[in-house]
Structure formats: structure tokens, C-alpha cells
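**Q** Quick one: structure below, then a few questions.
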Amino acid sequence: MKFTLKKRERNTSARRGTLVTPHGVIETPIFMPVGTHAAMKAMTPTQVRETGAQIILSNTYHLHLRPGEDLVAKAGGLHAFMAWDGPILTDSGGFQVFSLPNKRITDDGAYFRHEITGEEIFLDPARAMAIQEALGADIIMAFDECIPYPCDRKYAAISTRKTLRWAELCKKAHTRKDQALFGIVQGSVFEDLRALCAKELVQMDFPGYAIGGVSVGEGLELLKRVVEYTAPFLPDDKPRYLMGVGLPEDILESVERGIDMFDCVIPTRYARSATLFTNRGRIRLTNRKYRRDFYPVDPNCSCYTCRNFTRAYLHHLFNANEVLSAILSSIHNVHFYLNMMAEIRRAIEEERFSEYKRTFLDSYLKGK
Ligand SMILES: C=CCOC(=O)Nc1nc2cc3[nH]c(NC)nc3cc2c(=O)[nH]1
Ligand SMILES: [Zn+2]
């Protein structure tokens, strides 16, 4: 996998790059829609492609539980199984489980109790590598502990050292050369732990680095600070992935501070609960005020949904509990995110990212 920096912004740390993977080229900064169970919810691969998505995410933990990585491998791997011929990244998905009470973390790994069957699953570096290698994603993530927020410094220090030890074990266990293994920086909100973790991971020399342990309830101010003091320790010529981020405003602030890759369930999850993104903020389509509103969701949007349907129609679909409501809303929200990323890339190329961010947020946050 090869990352090339194409442009650095003069007055911010925003950067424009190209990431070449075995399944295609990714233009960064990029947003990666999340397809947890090897599927983008309510969208076909063709529809996902049409939104401008270049790379999608799937979750190791969930696919290990069902249908199991051996079955996916027998199907020819994730790309064949889900008919997505673009790049795929697998993260743990254990994050959701990490945040659940029913898990036990030891020095060697983590025990997750399956919320449905109650069956206990043990994940450790070697197993996490074996599962992701069988699934066949282009980018796989080191097995780490996502430190919850808040947490005391002592716990964060011990956990961060463990994540570093696990990163070493992942590197040893990872054999497939056509897969890129990214290291994950932990350290909670403690600047010195973040610096120490980043420096030691860089010493291990990964093809890319993620900043983990964020978007765990710390809020935008702390997120900005963590990114601000962690990103500079990461190599300029390697991709930087901020896990689980986020809302449009979180993404803009993090691009400004040097992040290249993002993932979040927000666009797809909000779509299914009728919350849609527009360049004047979010709208709740089940609200009665859209009953007779014959405008598109976002008059400036060029997606299939905005070109063919009105807010009144989507309001009706949600009221009638039609499956089509989830499909059309997901197409719009994912398109909205990917369109924003395309505008960000152009703004960086034309050295006007700060102005783009200000204009976008003025309209988006104040509904101007
Ligand atoms: C197979 C193992 C691969 O391990 C991982 O993927 N680890 C990992 N995933 C995360 C996912 C997150 N989502 C959010 N917010 C929605 N924050 C996240 C933070 C992490 C994290 O610190 N680590
Ligand atoms: Zn649209």
C-alpha cells in the first residue's frame, strides 16, 4: 500500500493525499461509511458507489461471531462475499463491545460475552490478525484496548503500555503482505501518554496509524486537543485515521489538524431514524412541518434522492414505515458526507480550506 502526499495547506495542517491499495485508489481526506456485518445497511454496493464512497468498513468482532471468518474466506473473502470491489478496512467492532459492561480485559486479550447468544469470545492480537487475514480486508487494525472516557491516568498508562505490547504481537502475527496493518495510538486525554504511544508505534514502523480512544464521549474540545498534540508525532508520509469520527464539524476540525481518514456510523444510523444532513444543518423528516414540503431534502444536493423525491414524500415514507425511507435517506446522508469530503479535497488543492470550513460551518451550524 502506498500513500503519497500531494498538497499541504499553507496555514493549517490540512493535507491532500492518495492511498493506493490492491482494490483501488483512495483520495484523502476521505470518509469511510461503516458496513458492520459486511453490508451497508439499506444500500446496495452500486448505490454505495454512486455516493462517491471509495472505501468501506466492516467489523472483525461481528463477522467472527456471524457468519465466521472461515465462511467468508470460503466465499473468496469480504470483497467477493459482499460484492464490493473497492478497498475495505476492518476494525474491531469490539469498540461497541468494549463499551458494553459484559467484557473482561486481561493482560493477554479481551473476553467478550455475545449479547445475543451469551457465548463468550476471546480476542487477542494473534486471533485478531488471523480473523482479519481470513476476512481479506485491504487495511486491518492492530488489536488494542480502547480506553474509555473518563479514566484515571494510572489506568490509562497501564492500558497504553498493554496496547503497545499488543501492537508488537500483531506485527509479528501479521503475515499477509497484501494487507496493510495500521497501529492504533491510545493514551486517553493525557498528552504525554499520547506522545509516548505514538513515538513507540512509529518505531515499530506501520504503513499507517490510527488515533483511537476518541469519539468515546470526550466531546469536541478534547477531541481537537488530542488530535492537535498526537498527529505531529505521526510520520508525514503515512496515512492518519481518526477512529469513529464523526459529525461534519468534528471531521472539519480534524482535517484542519492533519487527519486523512474517518469512519462513523452517524450518516447511516441517523438516516434510518429520519435525521438527514443538509448544508443548513440537520432536519428531522418525521416532523409535521415537512408534511407538505415539496422541496428536495437539500436543494444543493445532487444525490439520487434529492434529484427524484421531496421532503413530503420521505415524510410520508417514514410515517408509513416504508423500507424505502431507510434506503433513500441512507443514500442522501452518505452522499452528503462524501460530497463534503470531495469539497474538502478541492479546497485543500486550491489553498482555501480555512475559508471553506468557515463558510460550511456558518451555513451548517447557524442554518443560514
Ligand atoms: C481487531 C481489532 C481492531 O481494533 C480496533 O478497531 N480498535 C479500536 N476501534 C475503535 C473504534 C471506535 N469507534 C469510536 N467511536 C464511534 N471510537 C473508537 C475507538 C476505537 C479504538 O480506540 N480502537
Ligand atoms: Zn441528497
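Every residue, even glycine, has its Cβ placed from backbone N, Cα and C.
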**Q** May I ask you to find which of His315, His316, His332 TrEMBL records for the Zn(2+) site already listed with Cys301, Cys303, Cys306?
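**A** Zn(2+) site check in TrEMBL: besides Cys301, Cys303, Cys306, the record includes His332 out of His315, His316, His332.
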**Q** Looking at 93-97, 233-237, 268-272, 318-322, I want to know which stretch TrEMBL calls region 'RNA binding'.
**A** 268-272
**Q** Any idea which of 62-68, 160-166, 244-250 is down as region 'RNA binding' in TrEMBL?
**A** 244-250
**Q** Do me a favour and check the Cα-Cα span between Ser92 (substrate binding site) and Cys306 (Zn(2+) binding site); whole Å is fine.
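**A** For Ser92 (substrate binding site) versus Cys306 (Zn(2+) binding site), the Cα atoms are 34 Å apart.
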**Q** Under a threshold of 6 Å between Cβ and any atom of ligand 1, which of the binding-site residues Gly93, Gly213, Cys303 are retained?
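**A** Going through Gly93, Gly213, Cys303 in sequence order, those close to ligand 1 turn out to be Gly213.
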**Q** Using all protein chains in view, find how many other C-beta atoms are within 10 Å of the C-beta of Gln186 (substrate binding site).
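**A** Excluding its own Cβ, the number within 10 Å is 28.
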**Q** When you rank Asp91, Asp144, Gln186, Gly213 by Cα distance to Cys306 (Zn(2+) binding site), which of the binding-site residues ends up on top as the closest?
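**A** Answer for the nearest of the binding-site residues: Asp91.
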